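J.: According to Swiss-Prot, the protein carries these features:
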- 72: active site, nucleophile (ACT_SITE)
- 60, 62, 65: K(+) 1 binding site (BINDING)
- 60, 62, 65: Na(+) 1 binding site (BINDING)
- 101, 103, 106: K(+) 2 binding site (BINDING)
- 101, 103, 106: Na(+) 2 binding site (BINDING)
- 149, 180, 183, 189, 190: dATP binding site (BINDING)
- 149, 180, 183, 189, 190: dCTP binding site (BINDING)
- 149, 180, 183, 189, 190: dTTP binding site (BINDING)
- 149, 180, 183, 189, 190, 192: dGTP binding site (BINDING)
- 190, 192: Mg(2+) 1 binding site (BINDING)
- 190, 192, 256: Mg(2+) 2 binding site (BINDING)
- 41: ubiquitin cross-link (CROSSLNK)
- 61: ubiquitin cross-link (CROSSLNK)
- 81: ubiquitin cross-link (CROSSLNK)
- 72: N6-acetyllysine (MOD_RES)
- 83: omega-N-methylarginine (MOD_RES)
- 152: omega-N-methylarginine (MOD_RES)
- 183-192: region 'DNA-binding' (REGION)
């Protein structure tokens, strides 16, 4: 998944960018995931608010905005900044950890370890490449490219290549590009592809060849340029659109391809399409209706709360129907 969220270009972009920066601090430095989720939810709700927010009290009327966040909004609106963020930015350790986690392959724990060793910048990482694993070296190599958002127009071209090459390998494959792209986003952080084949179910033996032959085909046409990791059901790598004539080169982009059993495919598509907030709301509604949903299955809950056998699913709509929830197109799944 992509490391960076798109900067908010909305009526309340300053507020949402502030909340996103706080969220990243809580995740990468404090490792307080509940606070990270709270800031993310508030930022998401405010981003969709159709009016310019004039006070914390106005923001507090929105779901997910509590007293503490409302107070921060008041401070930001009054001064144009936030003391807590100013402090974080001035703290060398916090800002260095936050920065290093932007390198693909470097999580909060690795970032903290590097900072403890005095490695705080890209230049420091380059001087200490022997301390980096394979994924981190690729992340460093393409740092500038991975920082750039992928415009929707490029994502559509990338999707065409992937879907066409997949069908060349075997016309029975089903592939879906998920993430914010499927929800209609104007830009994406990376490309997330789900793949299945009728011959592969949760009852089958493992079939890594189904994933690997697709990866090899995409390498053959020079779309996939680097491999970060290649397992039996998940490939993580780097791809690049081919240049047309003498046009400038396209940036390298992160791509993940997941092979999913056919009977679990649409639960996977639903989950990886998101958004996170939509998925949480849908899972909560499912529980109220006596079902449990995850990225693999939907199962009925018995009177004791124990989940039963997975229900058959042949489309995303089947999942909505089971829990008696009106079907929502991917573009309507922000919350």
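Just so you know, glycine gets a Cβ as well, placed from its N, Cα and C.
Show me how these features fit into the structure around them.
T.: Counting every protein chain shown, the Cβ of residue 72 (active site, nucleophile) has 23 other Cβ atoms within 10 Å.
Take the CB of residue 62 (K(+) 1 binding site) and look out to 10 A: across all protein chains shown you find 16 other CB atoms.
Mapped onto three states, the DSSP output places residue 65 (K(+) 1 binding site) in coil. Long-range C-beta contacts of residue 65 (K(+) 1 binding site), restricted to its own chain and to partners at least six residues apart, with a cutoff below 8 Å, comprise 42, 45, 46, 59, 73.
In this structure, residue 106 (K(+) 2 binding site) belongs to neither helix nor strand by DSSP; it is coil. Around residue 106 (K(+) 2 binding site), taking its Cβ as the centre, 24 other Cβ atoms fall within 10 Å, counting all chains.
In the three-state DSSP scheme, residue 180 (dATP binding site) falls into the helix class.
In the three-state DSSP scheme, residue 189 (dATP binding site) is classed as coil. Using a 10 Å radius centred on the Cβ of residue 189 (dATP binding site) and all shown protein chains, the other Cβ atoms total 22.
Spatially close to residue 180 (dATP binding site) yet at least six residues away along the chain are 188, 189, 274, 275, judged by Cβ distances under 8 angstroms.
With a cut-off of 8 Å between CB atoms and residues at least 6 apart in sequence, the same chain places 64, 277 near residue 41 (ubiquitin cross-link), listed in sequence order. In three-state terms derived from DSSP, residue 41 (ubiquitin cross-link) belongs to a helical segment.
Long-range Cβ contacts of residue 61 (ubiquitin cross-link) within its own chain (separation 6+, distance under 8 Å) are none.
Sequence-distant contacts of residue 81 (ubiquitin cross-link), defined as residues of its own chain at least six apart whose C-beta falls under 8 angstroms from its C-beta, are absent.
When secondary structure is read from DSSP and collapsed to three states, residue 72 (active site, nucleophile) falls in the helix class.
Within 10 Å of the C-beta of residue 83 (omega-N-methylarginine) there are 10 other C-beta atoms, taking all protein chains into account.
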J.: Helix, strand or coil for residue 60 (K(+) 1 binding site)? Use DSSP.
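T.: Going by the DSSP assignment, residue 60 (K(+) 1 binding site) falls within a helical segment, counted as helix.
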J.: In whole Å, how far is residue 106 (K(+) 2 binding site) from residue 149 (dATP binding site) when you measure between their Cα atoms?
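T.: With the alpha carbons as reference points, the distance is 19 Å.
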J.: To the nearest whole angstrom, what is the C-alpha distance linking residue 101 (K(+) 2 binding site) and residue 190 (dATP binding site)?
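T.: Computed Cα spacing between residue 101 (K(+) 2 binding site) and residue 190 (dATP binding site) is 16 Å.
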J.: Quick one: give me the count of other CB atoms within 10 A of the CB of residue 103 (K(+) 2 binding site).
T.: 25
J.: Quick check for the class: what is the C-alpha distance, in angstrom and rounded, between residue 152 (omega-N-methylarginine) and residue 183 (dATP binding site)?
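T.: One finds 11 Å between the Cα atoms of these residues.
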